[in-house]
């Protein structure tokens, strides 16, 4: 049977399955194997006495070696019968469209054989024998780990492994003396057969919904689940031996709950030696995830926390393949409607009030209105019943999801390899972005874990910015199983995902603070321009929707993916204004902006220059990142007292500075100049020709106005650069025609020499007269005129007129004549330029007075540093108090004891004798180290500057780099020593 199982001939396999169904050989073999195992006398050293030992009959203990070999062979035969042609996710009785769509079209014969094999594997003794062999293999691994004290908490006891089987049946497998296979291969074979058989035969009674389902999540209609019967009880093995061979085997597969328990025990044991049994763990996790989504809601609510706890034991499993990351993202959106915890009551009530009033929700894009309506209705109904749809998220946070993510991402070598970096990006995309829980994580998650994860993501972005990793394909979270050709490196995709995560918080917070006021302001402004005022309202989550275009497999059409802002709010991402969760979300989002923004701005700049200008995805990212950069740059212009007002920064102690918080203003400004140059020139024509939405065009104009207001001479530089580029192109075309004519007249030799002369001329700057001729209105001026932004039109006219006057003075009367204008005297030209400059300055002065931050919730770095310090101190104190009282600590932030403690200290800073958060981030603002399990430097860890004792680094390499680039000029140690020496000298003089 083993040899025939590996046969790849479909006809022979069909005959084999038919013969097995006719003779019931699998059922009889499983019954005989269980009877033989039960008849073996236990060894005297085990201290147990079975029925066979008491009666003096049965097989000797040495027979267990033979039974172990036969059990392994039987498990291998079952695996071969199932085969490897079909994916594991397509084996279940009710596969989803995305899992079985390829197999239906390409492996239809294999699916037919699987349907014939399914009732054979669902028979009672086959199920019992497979479970028994898997448990024996699991206890074999457990026995090997018994001497490892560090793993004792992960290993289940023997009683937990029985699962209703007689205890004397569960023994470690033993190899025969002349075995040709290793013990690891024996365990691997037995533990792989169990999840495969359960995947083929077991299905639950329900199909639990998830929020924001991806493409292909629906079940296939033509494959129904097998009828479920209660699983065999503890006496099933004994009764199997008593029944005769003629007994008809009734299908009695394990129930979904019992199957989940078997796989949970299997995972616990295999995790003791993950490096050896990685493939087995992946198969177990796949089946466990499916079973959870098919249980009844109450059963799933009981078992769901254990799934997240198992994942917390092995974070690296997320990057072993793409399946587990996809499963984790979907389980975060699982809808169980479990009662909310007390700590989240305020936020749930606030989200319910917003969801109940549908008029408060911004209009969704036409492509997602149908799906969004159903999701929003479910969220509103759930919240109105005072139930919480984010139960799975809370279970994940309690199990340490954020720490799991950080430990998974802190793999520096994996970020340097194309295959592994694509898996890391998929983890970020599925679990953090497409799941839609990021706003809730910032509001509700443990503060210290969130800070550490945000900093780790920033370090990964800096690592890829130094040296990017190329990609061939990229996997999509919105369309599982779909891979597309990568359009940029890994750094570009990571920054795109981080930008989309910031957009989620931005848009969700807009629902609670200022959404209606902004809408009214846009309507009033557009009403004076155009009758179509409502068309300028921005589309929520636009970057998230266009980041992954969904491709229809039938006609190849492309549509935006579905991203539900209703789900993000209902999951806990919309806390009540003024609550602790609201404050925590504001602090963590501000911290993420300062950690990520330099890399996001550089990646956006590179993408705009290297890709098609005006591309929808890059345009949305440029608008979001550009507005954030401008808010940061405007904040840097404010006086320090105003910028840090209410932050308590003046009360912070030196040892409480857990984060240096250096704003890389120069780098942000440089990236902003390049981004605005593209938006003001190259991207305008695509914006007009491709008929982008009006809100996008208006957002571009707002961003440019803020940019030109902040940088007084930026518009002049852009106009001059635009004219120079146009002159260079015209100059190259003219020279190219001349050189082509010379080449045709002079022959081959003259052609070669003229080509060299042309190359030299192309490198020369165009003559000023030609630049003056090309000094035309900026293309953005046309877009401003379309939107009725007359102030921008007048400003650009004034800047262009002033620049023209200056260039005419440079070129003289010949330049003026060449430009088609009348000859003017120097005094007249100077007067016209001065008048134009004065007009431009007057218009800009009006803009300065009207400038308001795009995101008023964005705090300064001093505010974020002080506020997060207080929250982390309060969180640590609450955890210590819970440990002292023996009560479980609340892992979720934004509520509970940690929330009340942080509320009392929020906004007041640390007093001179208050507690201090002793962990610190690396003092190097360009730190890209991913070594170690966490980005936070533990107390008395890392490297500390011996001069000032204020700078702590994660490693010596960061200390050396920062000393050379920055700290050598800012270290206060030498200055303090010099000041102390001077003070001592003065005191000595006075005393003398």
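Cβ atoms are placed via backbone N, Cα and C, with glycine included.
Keep in mind the model is a prediction, meaning the values are calculated, not measured.
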**Study point:** Correct range for region 'Disordered' (source TrEMBL, candidates 656-692, 693-729, 730-766)
**Key:** 730-766
Practice item. Match it up for me: which of 892-912, 913-933, 934-954, 955-975 does TrEMBL list as region 'Disordered'? Key: 892-912
Check your understanding: In TrEMBL, which of 189-216, 217-244, 245-272, 273-300 is labelled region 'Disordered'?
Key -> 217-244
Exercise for review: With a Cβ cut-off under 8 Å, give me the same-chain residues at least six positions beyond the ends of the domain 'MYND-type' (928-971) that come close to it.
Suggested key: 403, 406-407, 409-412, 415, 448, 451-452, 455-456, 459-460, 462-463, 465-466, 654, 657, 660, 662, 918-922
